[in-house]
Each structure stands twice: as C-alpha cells, then as structure tokens.
Amino acid sequence: MSSAPLVGYSSSGSEDEAEAVAAGRSKPGTGFHRCGQNPVPSEKLPVPDSVLSMFPSTEEGPEDDSAKHGGRIRTFPHERGNWATHIYIPYEAKEDFRDLLDALLPRAQMFVPRLVLMEEFHVSLSQSVVLRHHWILPFVQVLKDRMASFQRFFFTANRVKIYTNQEKTRTFIGLEVSSGHAQFLDLVSEVDRAMKEFDLTTFYQDPSFHISLAWCVGDASLQLEGQCLQELQEIVDEFEDSEMLLRVLANQVRCKSGNKFFSMPLK
C-alpha cells in the first residue's frame, strides 16, 4: 500500500492552512551592516507604560494557544513580528455541500472517531511560510501583480483521498481536483515566483490539489485507506447532483497572513 500523500498544513489558525517546513529567512541584503562600519547606538528615552498600553504593537502575531485549535502544535515557533502566511483558492460551502459532509463524516468516524470537520474550505497554492510583518504589504503587491492576468476558471474536486502532513502529526480527508489541474499549476508557478523574490519556500514539485474536508491529530492513514476510502468515494459518487455540486468556480486568490486577509480577483 502506498503511503498517504504529503500535504502541508499549519498547526495554528482556524483553517489549518499549509505547513511551514522552513522557518522565515532574512531577505538577502537586509539586516547587515558593512564590514568596518560600527553601528552607533542611539539613546532613547523610555516610554511610560501608560502610553505603551494605548498602542499595542501591530507586529505582534495572533496568540499561540494550542488549546484554542484542537491541541495542534506549531511546526515553527511563534516569534514577535513573524506571521504565518498562506495562499489559496477559497471555497464557499453551500447547504448542499454541507449535506454531503453530513453523510461523509459519520462514515469516516466509524473508522477514526476523532475526525472533525474543517472550519473552512480551500485549495492551497502554497505551503505556509513565515513572513516578517514589514514584508506583508510588499509581498501581497507582488502577488497581485502576478495574479492580474489570470482568468477565472471552473474545476472539479470529486476524488476522495487521504493526506498527512510532513511530520505525520495530522491526517486529512480531502477531495482531489480531477479537472482544472493545469490552471492550478499555472497559478502555483506565479505564486512560487513571488515566494522566491522573498526567499520563501515554494510549493511541492508534484502537488495534489484538493479541498480538505476533515482532519484528526496523528497518522490515521492506515485506518482510512482501503475500505473506508472506498465507502467514502461511493457516498460522493452516489450523492444527488454531486457532479454539479463539486464543480467549483475559482474566481479569486486569497492570501492570509496572520489574521489579515487579502483577496485578488481573477478576471
């Protein structure tokens, strides 16, 4: 039996976005002074606490409390000014899609009871990377420029597949994209170019584009492959109007950095 495909999902945030496999690195040419030049320290008067409390730092990322997100543990430590950043195509779940999930989850829980639904749904175009706060807006502008020429398109995600993250600490049930793969590759190519400009980790060489539906802590791929996977696929295939339900319009690319969202409409 082949192992479950790897998928990068981060351990923080409500949507379990792509996992950062490399910590944020300094942008080339920044953060250093020339040899022979000694930086001259400047003295600053201390700011009263009463004033500081009025202006909370805008560089501070979201609070890192694993108890608030299912006990998941960050793969990379939270540091002041570092923001987990993820690029994806959002999918807005309608009532019919929720009905499909209501049929799939109980069946999957017969094999792995600890499975829970994702809080939101998307197709990832990047891994999760660590971006410095002052790079967010320049990075988003580069992304917008690269996305400007892309047309909106339809894709179909109807193949049930089991995924794990690289550390095998979490398992996901997803619907793999069966049509529209070429358009996703084109988008990833441009996202990767933006990543390289900021010395960030690019996406996987042979990505399996998908919408994650449910997840659990730990490696449950052995329990979910085989009989469970077959039964889940039968539910999808036999679900009323599943062909139309799982044909999705990709009309925007979204970037989430910390608790900030940036949307880039496709033409």
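Cβ atoms here come from the backbone N, Cα and C positions, even for glycine.
Not measured: the values here are computed from a predicted model.
The region 'Disordered' feature in Swiss-Prot is assigned to 1-74.
Positions annotated as compositional bias 'Polar residues' by Swiss-Prot: 1-13.
Summarising the annotation, Swiss-Prot assigns active site, proton acceptor to His122 and lists sequence analysis as the type of evidence. His122 (active site, proton acceptor) carries a strand DSSP state (E or B). Within 10 Å of the C-beta of His122 (active site, proton acceptor) we count 22 further C-beta atoms, all protein chains included.
Over all protein chains present, the Cβ of Ser212 (AMP binding site) has 23 other Cβ atoms lying within 10 Å. Annotation comment: Swiss-Prot describes His122, Val123, Ser124, Tyr204, Asp206, Pro207, Ser208, Phe209, His210, Ile211, Ser212 as AMP binding site, evidence class similarity to another entry.
Around Ile211 (UMP binding site), taking its Cβ as the centre, 23 other Cβ atoms fall within 10 Å, counting all chains. What Swiss-Prot lists as UMP binding site is Gln166, Tyr204, Ser208, Phe209, His210, Ile211, Ser212.
Under DSSP, His210 (AMP binding site) is assigned to a strand (E or B) in the three-state scheme. The feature active site, proton donor is assigned by Swiss-Prot to His210.
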May I ask you to report the DSSP-based helix, strand or coil state of Gln166 (UMP binding site)? coil
Which whole number of Å gives the largest C-alpha distance between any two of His122, Val123, Ser124, Tyr204, Asp206, Pro207, Ser208, Phe209, His210, Ile211, Ser212, the residues noted as binding AMP? 18
